[in-house]
Amino acid sequence: MTEQMNSSRAKAGHLTSSLLAVAFLTSFGSSMLYGYNLAVVNSPAVYIKDFYNRTSVSRNGTGLDGEALTLMYSLTVSVFAIGGLLGSLMVGMLVTRFGRKGTVVNSTVLVFIAGSLMGFSRICGSPEMVIFGRFVTGIHSGISLSVVPMYLGEIAPKNLRGFLGLVPSLFICAGVFSAQILGLHEILGKEDHWPLFLSLVVIPTFIQLMLLPWFPESPRYLLIEKHNVHATIIALKWYRAKCNIQSEIEEMQEEQRSLSSVETVSVWRLILDPLVRWQLLSVVVINIGMQLSGIDALWFYTNDIFRNAGIPEPEIQYTTVGTGAIEIIAGLIGCFTIEKLGRRPLIIGGFLVMGFCCAGITLSLVHLPFMRYVSVGCVVGIIAGFCIGPAGVPFLITAELFKQSHRPAAYTVGGSLNWISNFTVGFVFPFLQMSAGSYCYLVFCCVCLAVAAFVFFVIPETKNKTFVEISQMFASKEAVPETQGLGHPDQLKLRKMNGYGTLENGSLEFDSSSSVP
């Protein structure tokens, strides 16, 4: 019986065309826009500032001074993170009301609003439209960064959850690379083209809007939260190979039974719940560490590093595009190795590489001729280390560490901390660089090494495990079930578990026929 169940699960774990299509559609129309919007304002910065100055002249008769112009452009860049924070705070409410796929589809309206505002801003002579457009697209990215990994994590079989979970991070890298390519002077890097350059985000979203509604909602959401068995079966038939899906439904029902007295929790209840303190702490550490690792600050210094390495000024933009290609290659390596190596090696190894390379940048700034080439290698190492693991695994881990009732609130916490840290680095780094100089990268080195150590000692490997099994691993940190010393599965006698291993009065018998291997 066990062999038949394992065989059916193996078949159910095949990568079907429907799974692949949904992973690409959601990532292409949502996740990729986050990467694109991170990089899109770099190339036309001079033209955007000139537009702001000319608008001030036409309105007030005088141009903006240097400080005011810098402030307006800084607001244009940073308001994206403010919108992202707002979007991340809305995730829990949206996914509970509209579902995972429903939230992805409904949030596309934000992209069309933002694209229209930025695209027509020059015609209307309104810098406010650019800034507000960036804010609105930030809200969309804040929603997407949490909802897309949640959706893919719930529709994926457990042996493909890592691969599909890293697809969004791969498309984020592709978005950065696309913005770097399109921003070249030979393509859209000219003054006349910057409004079009900013508004191109509507094209991927339009394709997603046309195709994604034809695919089903998350089966786990349909069964556990909506109690719709018929719709769950239809969704599983879409996302799985033609085989017996009964074992997967039984695993969902087991999770549903464990949550029978637990409704979807709020962020406040999640924070106060002592039974998920280790999961919550893990999400907090890896999401803050992801941004405080120095990857965003690196872009402040990349051009200077390349310039110090002797790269001619006109060729620096092409070198920057090369770093975008490295991001994609590293992301592909992460996608295709995560199910073999596991989550821990990728995230620990990624943070270790980043930490050593951050220290290397500081050492390379010693004025010795050969050290300038070391600095370029360290930049490549930081980018590769980040994209191979820390760029995507935190979002995947957030889905895996929590059951259905706690997952939306966990994504709200992780996403909001991610955006707050993003904004903090962008705001604090210039001052840190002025005060500490090249030694500022030692701060990022310490953060990376500390996060790697935390993951090594605290977070277990979640590869090829169900959500219930992962929750039970963390539950063992809080209490030891009465299963130790029992040699046979038929002898297992556990006290009733409420959610994440809380022990209540009474007992619940589990026999081997109802257990999920």
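Including glycine, each Cβ sits where the backbone N, Cα and C put it.
Curation does not apply to TrEMBL; its annotations are automatic.
Under the heading domain 'Major facilitator superfamily (MFS) profile', TrEMBL lists 23-463.
The transmembrane segment annotation in TrEMBL covers 12-34 (among others).
Listed as Cβ neighbours of the transmembrane segment (71-92) (distance under 8 Å, sequence separation of 6 or more from its ends, same chain) are residues 37-38, 41, 45, 48-49, 52, 64, 103, 127, 130-131, 134-147, 264, 266-267, 408-409, 411-412, 415-416, 418-420, 422-423, 426-427. Residues annotated as transmembrane segment in TrEMBL: 71-92 (among others).
Remote same-chain residues near the transmembrane segment (104-123) are listed as 26, 29-30, 33, 51, 94, 98, 129-130, 132-134, 136-137, 139-140, 143-144, 147-148, 151, 194-196, 198-202, 205-206, 208-209, 212-213 (criterion: CB distance under 8 Å, separation of at least six residues from the stretch ends). Among the features that TrEMBL reports, transmembrane segment is placed at 104-123 (among others).
Within the chain, the transmembrane segment (129-151) has long-range Cβ neighbours (under 8 A, six or more residues past its boundaries) at 22, 26-27, 30-31, 33-34, 37, 41, 48, 51, 72, 75-77, 79-91, 94-95, 100-101, 103-104, 107-108, 110-111, 113-118, 120-121, 165, 168, 198, 201, 218, 392, 395-396, 398-399, 407-408, 411-412, 414-415, 418-419. What TrEMBL records for 129-151 (among others) is transmembrane segment.
For 163-182 (among others), the entry in TrEMBL reads transmembrane segment.
TrEMBL lists 194-215 (among others) with the feature transmembrane segment. Among residues of the same chain six or more beyond the transmembrane segment (194-215), those with a C-beta under 8 A of the stretch's C-beta atoms are 18, 21-22, 25-26, 28-30, 32-33, 36-37, 40-41, 43-44, 47-48, 51, 101, 104-105, 108, 111-112, 114-116, 118-123, 130, 133, 137, 182-183, 188, 238.
Feature annotation from TrEMBL assigns transmembrane segment to 278-301 (among others).
Under the heading transmembrane segment, TrEMBL lists 316-338 (among others). The list of residues near the transmembrane segment (316-338) in space but at least 6 beyond its ends in sequence, with Cβ under 8 angstroms from a Cβ of it, reads 39, 43, 162-163, 165-167, 169-170, 173-174, 176-177, 180-181, 183-185, 302-303, 306-307, 346, 379-380, 383-389, 391-393, 463.
Sequence-distant contacts of the transmembrane segment (345-367), counting only residues of its own chain at least 6 positions beyond either end whose CB sits under 8 Å from a CB of the stretch, comprise 286, 289, 293-295, 301, 305, 308, 334, 337-338, 374-375, 377-379, 381-382, 384-386, 388-391, 393-394, 397, 438-439, 441-442, 444-449, 451-452, 455-456. What TrEMBL lists as transmembrane segment is 345-367 (among others).
The feature transmembrane segment is assigned by TrEMBL to 373-397 (among others).
The transmembrane segment feature in TrEMBL is assigned to 409-432 (among others).
Proximity of distant same-chain residues to the transmembrane segment (438-459), defined by a Cβ-Cβ separation under 8 Å and at least 6 residues beyond the stretch ends, is recorded for 278, 281-282, 285-286, 289, 292-294, 297, 343-344, 347-348, 351-352, 354-356, 358-359, 361-362, 365, 390, 397, 401, 429, 432. Summarising the annotation, TrEMBL assigns transmembrane segment to 438-459 (among others).
By number of Cβ pairs under 8 Å, the transmembrane segment (409-432) is matched best by 278-301 from the list 12-34, 163-182, 278-301, 373-397.
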